[in-house]
Ligand SMILES: *[C@@H]1O[C@H](CO)[C@@H](O)[C@H](O)[C@H]1NC(C)=O
Ligand SMILES: *[C@@H]1O[C@H](CO)[C@@H](O)[C@H](O)[C@H]1NC(C)=O
Ligand SMILES: *[C@@H]1O[C@H](CO)[C@@H](O)[C@H](O)[C@H]1NC(C)=O
Ligand SMILES: *[C@@H]1O[C@H](CO)[C@@H](O)[C@H](O)[C@H]1NC(C)=O
Ligand SMILES: *[C@@H]1O[C@H](CO)[C@@H](O)[C@H](O)[C@H]1NC(C)=O
Ligand SMILES: *[C@@H]1O[C@H](CO)[C@@H](O)[C@H](O)[C@H]1NC(C)=O
Ligand SMILES: *[C@@H]1O[C@H](CO)[C@@H](O)[C@H](O)[C@H]1NC(C)=O
Ligand SMILES: *[C@@H]1O[C@H](CO)[C@@H](O)[C@H](O)[C@H]1NC(C)=O
């Protein structure tokens, strides 16, 4: 009963809106307006890219910048519209920015902030919390307008452990999320949805969250993944069978609509291409055998981590909601049509001046910190360091400081840097240190060896070089060694002092 009132309220708001502005055709309709008209209203609505109610003009998300730790709220350009990305760009210009809050647009106050430690994993921050996402890791366009998604590397996550109005126990709920179908891994667990309020796994049925990735140790679908699955706690489910359900097919869409809904001894998994076409139902039926009926849902909200803060997975989130009630197929089909109409598309991952050479030419990179302006990025064996190199240095020293620019191994919009003296070996990060290692052609190596140049953080450099896979981290020299460092992160090489200078490089034609 407690949920009928908000649903009535949302319908009244919608009706009021229509009364003021005339017809629905004149109005923007958001996914949550569609869920409300199906009598399964949103009780949580999260997106950094757009408003999810046609009338919503409030804050979408908050960014915190590295230069002074100040924050700004990003709002839509208009009611129901796309986020004002240029507000983020100007606030973050010349510094680094993290997404510190993803606001709930539903009026229930279910905002998402940094995820706390849990039964499975603690986060790497000093207080055991997980990392925040870079604000710049997942640029996209919606209907041609730029916006930023939430790029979630391992050890990064958001959560709300004091939820308001979300489903508990065996209550009915629905949810969807729009994700990047090319950003995933096989670890546990890139989730969005219902989790535990104390971050501890009490056993089967305590969660009901969308999972996306290629983890195949409990449930899996057909092919090699990634799959949309359900994290019901103590396992991922692709259908009734607790292991393999072939109807849950591997995804190859860049933008994925993923859908999960559950109620008393029933649940369903659906998905599709967020840019075209209809949803496919991967499963619709009774709960898996075991202790899944009744469910013991707790109602917390997780994003990017499992219910016990299992935090080794990765993925990208653009928008998502949770509802009360079990949405009809028709309601979800209309939500999919709304997502398609939002016209998600990719855009460039690089900003600022291009590298001053083209793909396949060689470059050298000079430090810009006052201590070290004669030093270049070089390597000694597999260790990347900075070393003084001049036109009269030995050929070996020149070659060690020269890098061939290659198309990014994991993303062709970014770059990889092949060692001139050790062809086949690339600069990659490993435990946050820059290394030169042989390319083993694995997905993980390519991701660790892909970097996205952006405008320099100081005025002397040409470029600052962002890690594709950990976009809050940038190439930095610290005590003479190369790292991927975050501005104010937990490690000594993340120190804020001299961060912009240490992470800015003058890019020149290669010595060799
Ligand atoms: C911002 O806050 C972090 C964490 O409290 C701190 O390490 C850092 O020094 C602060 N940065 C600035 C510029 O004050
Ligand atoms: C978007 O943000 C910019 C920069 O803060 C601001 O000047 C502009 O007015 C905003 N646009 C809208 C439509 O609010
Ligand atoms: C919970 O949600 C209701 C319905 O939107 C809202 O009126 C109330 O203020 C919310 N409570 C909190 C603590 O945000
Ligand atoms: C799970 O994935 C691994 C690595 O890709 C693969 O070797 C294994 O065969 C897969 N297991 C199943 C059951 O598909
Ligand atoms: C796709 O969904 C729309 C409604 O959103 C429906 O009109 C159309 O028939 C569906 N197409 C197919 C192939 O199922
Ligand atoms: C939704 O569609 C699935 C697959 O066609 C079907 O099994 C299920 O009964 C439908 N649900 C409802 C409520 O109609
Ligand atoms: C790179 O920066 C250096 C030093 O500021 C400058 O002389 C050079 O013109 C820049 N190159 C490009 C291509 O912007
Ligand atoms: C760069 O070199 C690779 C390997 O030799 C080649 O396949 C590719 O076409 C070259 N790209 C450009 C832009 O020249």
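Glycine residues also receive a Cβ, built from the backbone N, Cα and C atoms like all the rest.
Annotated in TrEMBL:
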SIGNAL    1-25  signal peptide
DOMAIN    31-345  domain 'Alpha-L-arabinofuranosidase B catalytic'
DISULFID  32-42  disulfide bond
DISULFID  92-97  disulfide bond
DISULFID  188-189  disulfide bond
ACT_SITE  233  active site, nucleophile
ACT_SITE  308  active site, proton donor
DOMAIN    365-507  domain 'Alpha-L-arabinofuranosidase B arabinose-binding'
DISULFID  414-452  disulfide bond
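Structural mapping of features recorded in TrEMBL.
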{"residue": "32", "record": "disulfide bond", "DSSP (3 states)": "helix"}
{"residue": "42", "record": "disulfide bond", "DSSP (3 states)": "strand"}
{"residue": "92", "record": "disulfide bond", "DSSP (3 states)": "helix"}
{"residue": "97", "record": "disulfide bond", "DSSP (3 states)": "strand"}
{"residue": "188", "record": "disulfide bond", "DSSP (3 states)": "coil"}
{"residue": "233", "record": "active site, nucleophile", "DSSP (3 states)": "coil"}
{"residue": "308", "record": "active site, proton donor", "DSSP (3 states)": "coil"}
{"residue": "414", "record": "disulfide bond", "DSSP (3 states)": "coil"}
{"residue": "452", "record": "disulfide bond", "DSSP (3 states)": "strand"}
Subject >> Distance [Cα-Cα, Å, rounded] between the residue listed as 'active site, nucleophile' and residue 188 (disulfide bond) >> reply: 11
Subject >> Residues near residue 189 (disulfide bond) in space but at least six apart in sequence (CB under 8 A) >> reply: 211, 213, 215, 231, 236, 305, 306, 310, 313
Original post:
Across all protein chains in the structure, which of the disulfide-bonded residues 32, 42, 92, 97, 414 has the highest Cβ count within 10 Å?
Top reply: 42
Original post:
Sequence gap of 6 or more, C-beta under 8 Å: which same-chain residues meet both conditions with respect to residue 308 (active site, proton donor)?
Top reply: 118, 119, 120, 121, 196, 199, 200, 201
Subject >> Rounded to the nearest Å - Cα separation of residue 452 (disulfide bond) and residue 97 (disulfide bond) >> reply: 16
Original post:
Say you check the Cα of residue 42 (disulfide bond) against those of the disulfide-bonded residues 92, 188, 414; which is nearest?
Top reply: 188
Original post:
Going by C-alpha positions, which of the disulfide-bonded residues (32, 92, 414) is nearest residue 188 (disulfide bond)?
Top reply: 414
Original post:
When the domain 'Alpha-L-arabinofuranosidase B arabinose-binding' (365-507) is classified with DSSP, how many of its residues are helical, how many are strand and how many are coil?
Top reply: 22 helix, 60 strand, 61 coil
Subject >> Rounded distance in angstrom between the Cα atoms of residue 97 (disulfide bond) and residue 32 (disulfide bond) >> reply: 29
Original post:
Measuring Cα to Cα, how many angstrom lie between residue 32 (disulfide bond) and residue 414 (disulfide bond)?
Top reply: 35
